[in-house]
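Asker: One structure coming up, written as structure tokens, with questions to follow.
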Amino acid sequence: MDVTRLLLATLLVFLCFFTAYSHPPPEEKLRDDRSLRSNSSVNLLDFPSVSIMALNKNSKQISRKEAEKKRSSKKEASMKKVARPRTPLSAPCVATRDSCKPPAPACCDPCASCQCRFFRSACSCRVLSLNC
């Protein structure tokens, strides 16, 4: 009988704490639009003002030159990145670094051989000797 009363008292205290801490405090409650507008206008006045300055001719010319340099460097980089189209390989061989599991044909490169790893689950054509 004493154990059940102790258990019920503990449960009652837990529920009281849970209900007290589940509700937000009064200052965290949602406010209406009027109070939000008044608070936002007060907060904006606290920040320093932003000044806008006109650019002189020299700074405009420098910025234009920098922009042109960036454009030309981007064009050069795009020209350098153009990849050569791959030549189609003949069908009865496997290209270097491609999968070459045992039913596949031999490697196209005469210096390459088929290497398998992880109990022949991952096989690829690799060049073993550079002197070939």
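A Cβ is built for glycine as well, from the same backbone N, Cα and C atoms used for every other residue.
What Swiss-Prot lists as compositional bias 'Basic and acidic residues' is 63-79. Residues or ranges marked as disulfide bond by Swiss-Prot on the basis of sequence analysis: Cys93-Cys108, Cys100-Cys114, Cys107-Cys125, Cys111-Cys132, Cys116-Cys123. Here Swiss-Prot flags 93-132 as domain 'Agouti', drawing on sequence analysis. Here Swiss-Prot flags Asn39 as N-linked glycosylation site. According to Swiss-Prot, the region 'Disordered' annotation covers 60-88. Taken from Swiss-Prot, the feature signal peptide applies to 1-22.
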Asker: Checking your reading of the structure: which of the disulfide-bonded residues Cys93, Cys107, Cys132 lie inside a 10 Å Cα sphere centred on Cys100 (disulfide bond)?
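Answerer: Of Cys93, Cys107, Cys132, within range: Cys93, Cys107.
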Asker: Within 10 Å of Cys125 (disulfide bond), Cα to Cα, which of the disulfide-bonded residues Cys108, Cys114, Cys116, Cys132 are there?
Answerer: Cys108, Cys114, Cys116
Asker: If you count Cβ atoms within 10 Å of the Cβ of Cys107 (disulfide bond), leaving out that atom itself, what do you get?
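Answerer: By my count, 22.
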Asker: I need the CA-to-CA distance for Cys111 (disulfide bond) versus Cys93 (disulfide bond), whole Å please.
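Answerer: Cα-Cα distance, Cys111 (disulfide bond) to Cys93 (disulfide bond): 13 Å.
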Asker: Listed disulfide-bonded residues are Cys107, Cys116, Cys123, Cys132; which of them have CA atoms within 10 A of the CA of Cys93 (disulfide bond)?
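Answerer: So the list reads Cys107.
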Asker: If you measure C-alpha to C-alpha, which of Cys107, Cys123, Cys132 (disulfide-bonded residues) come within 10 angstroms of Cys114 (disulfide bond)?
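Answerer: Cα within 10 Å of Cys114 (disulfide bond): Cys107, Cys123.
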Asker: Whose Cβ, among the disulfide-bonded residues Cys100, Cys132, has more other Cβ atoms within 10 Å than any of the rest?
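Answerer: Counting every other Cβ within 10 Å of each candidate, the maximum falls on Cys100.
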Asker: In three-state terms from DSSP, label Cys114 (disulfide bond) for me.
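Answerer: Reduced to three states, the DSSP call for Cys114 (disulfide bond) is strand.
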